[in-house]
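All remarks here apply to the structure that follows.
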Amino acid sequence: MGQQFVWRLQSRFSSIRRASVILQHLRMSKHTETAEVLLERRGCAGVITLNRPKLLNALSLNMIRQIYPQLKKWERDPDTFLIIIKGAGGKAFCAGGDIKALSEAKKAGQTLSQDLFREEYILNNAIASCQKPYVALIDGITMGGGVGLSVHGQFRVATERSLFAMPETGIGLFPDVGGGYFLPRLQGKLGYFLALTGFRLKGRDVHRAGIATHFVDSEKLHVLEEELLALKSPSAEDVAGVLESYHAKSKMGQDKSIIFEEHMDKINSCFSANTVEQILENLRQDGSPFAMEQIKVINKMSPTSLKITLRQLMEGSTKTLQEVLTMEYRLTQACMEGHDFHEGVRAVLIDKDQTPKWKPADLKDVTDEDLNSYFKSLGSRDLKF
């Protein structure tokens, strides 16, 4: 009788333990499904997975607040030798920030636009100064905030599915997240062209442009990641060696590049002017179908954003990244107070009529005085690192 009682008791405890394990697993699964960002220690690396695939892994303030402290922790950890960042879902690395939420918060008098840009730029700077090898797998759409999470890192791996763009002038903003630093440092006037037109680079062109350091076929990304994770106490040179070997074996996207083979001379000559008006005049004088297409595109953009962007890149070409991010923070706060950003969000993301009514509507009406007001110091509210 006593023995049977013990067995029953053991059986009950076993059932409770089993139920507890199942419940814990379900909780973890639910957390994994709903967590916006996954932060995992795997092999020799810290792995960051942007986990909002239905929203193309759009970057939120909540995600930034999880990534930044973990990045700093892994940077200090002697057992973490590299950091990998990637996007879930196969369509996007990160398509940018939640621009609509920014506009709505500003109209409601909330501080999201101050907090998000400040903390995002501090994270961008931390990525640039990270003492551990940082590998961004930019497979799929990479725009805006996604560019900030990748382009400042030591290694950026593009695939045939990569799509890079900085389309902010079309919504009354400017190419931020350090765009004023990295864009003017691309070959020739390529960065100025990308910034003013929002032109989309695809596949191998993302590597040709210098946005990516390596190109790997997307079907090989998983094995590349596993090989990186399996490295024993790797140095930056060891990581580079693995990336180089996969880059050398890549077969996808070998077609010649129209943008680099046919249009770079035009881009360099037309976009070398010091004013947006003169860039447009250069394009008119060129008169080629490519040039005329760029005129059409530029004429749809916010005139204020175009002038801000050109000055941002010209000034950024001689500044440090921290100086650029400080400048860009000032610009974001001024744009939040202005008309064009909220009008751009309305036309592109809310009503989706694609016909924003810019104010001013003409380049000639955006004065130097207007422009200076965007670049002025915020005093005690300036960005601090």
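Including glycine, each Cβ sits where the backbone N, Cα and C put it.
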(request) Write down the one residue from Glu120, Glu160 that Swiss-Prot lists together with Gly145, Glu168, Asp176 as binding substrate. (result) Glu120
(request) Other than Glu120, Gly145, Glu168, Asp176, which residues of the same chain sit close to substrate? List them in sequence order, counting a residue when its Cβ is within 8 Å of the Cβ centroid of the site. (result) Gly96, Gly97, Phe117, Gly144, Val147, Gly148, Leu173, Pro175, Val177, Gly179, Thr332
(message) Quick check for the class: what is the C-alpha distance, in angstrom and rounded, between Lys352 (N6-succinyllysine) and Lys91 (N6-succinyllysine)?
(response) 22
(request) Quick one: give me the count of other CB atoms within 10 A of the CB of Lys220 (N6-acetyllysine). (result) 16
(request) Find the longest CA to CA distance in the recorded substrate-binding set Glu120, Gly145, Glu168, Asp176; express it in Å as a whole number. (result) 16
(request) Check Lys359 (N6-acetyllysine) against DSSP and tell me helix, strand or coil, would you? (result) coil
